[in-house]
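What Swiss-Prot records for 1-16 is signal peptide, and it gives sequence analysis as the kind of evidence. Feature annotation from Swiss-Prot assigns N-linked glycosylation site to 135, 248. For 242-291, 271-326, 275-328, the entry in Swiss-Prot reads disulfide bond.
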């Protein structure tokens, strides 16, 4: 036990020991630590011209979303899903029936990450062309069921760029949370385009499943050591000034809003405060206590980045950056 107390500063990660520099950390110091922590794991793109031959997602429109409360931002992510099948623009049968015209079929296969979370909202973006024929019905979304094709509850709206956006209702979300599902768009008079810029796509917003707190990673030492860390110090005053602080940070403030596009901001949790010198065991051993994150309780931050000005996106993770529990160790 005594040896463990000596070794704790050596085995704790540097991010957990950041508060040992003192309790007077101002905003600029915290921002500098966040910048350094992010750059340890992510690399900003070099300035370059956008690649014109890459399928472009309409970044201006897709990234317009409802503001998420700061306390929920770190648990919310957005997924852009393209169909896993090509768009057939020719009839599969020469004697295709007239009522089959204007039916577009798309197969979607969500990722394992998306399936592990709760779907909170979804939109289907479908390019319906510059003008809709007045003698045709409005576009609609259907899905397949044992009874055949059934309508999906969705509200349709058009954008100035000639896209029809289907906002799915809550009753439709369980159908979109399957490992494999088919969506059909009925749009008589709409063009059938296989061009990548006009490919339909699904925008899904998800959050962590509401099963309580996120599961913590295993502590890499014995339960006895963890018990030692969780126990208050012999000097109660050593813990009175150690707490978890929070700071709302925007990526625009960090100068990265053209690189990290979602979330636009996040709540940075960190350990803050001093640990007074006690007169117990730690004082006799000459060990300085630090206000730091309890090992095994740090959480990661998931972000969506672009390296070509919004033509493509990818998800990246900054591990162990958000403190959940703080203590004097």
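Just so you know, glycine gets a Cβ as well, placed from its N, Cα and C.
Candidates 248, 291, 326 (recorded positions) were compared with residue 275 (disulfide bond); those inside 10 Å Cα-Cα are 291.
Shown are the disulfide-bonded residues 242, 275, 291, 326, 328; the one with the most C-beta atoms within 10 angstroms of its own C-beta is 291. Cα to Cα, residue 271 (disulfide bond) and residue 242 (disulfide bond) are separated by 7 Å. Note on residue 248 (N-linked glycosylation site): other Cβ atoms within 10 Å of its Cβ, all shown chains, come to 12.
Candidates 248, 326, 328 (recorded positions) were compared with residue 242 (disulfide bond); those inside 10 Å Cα-Cα are 326, 328. DSSP assigns residue 248 (N-linked glycosylation site) to a strand segment in the three-state reduction. Here residue 248 (N-linked glycosylation site) is compared against the disulfide-bonded residues 291, 326, 328, and the shortest C-alpha distance is to 326. Over all protein chains present, the Cβ of residue 271 (disulfide bond) has 26 other Cβ atoms lying within 10 Å.
On a Cα basis, residue 328 (disulfide bond) lies 5 Å away from residue 291 (disulfide bond). The DSSP secondary structure for residue 291 (disulfide bond) is strand.
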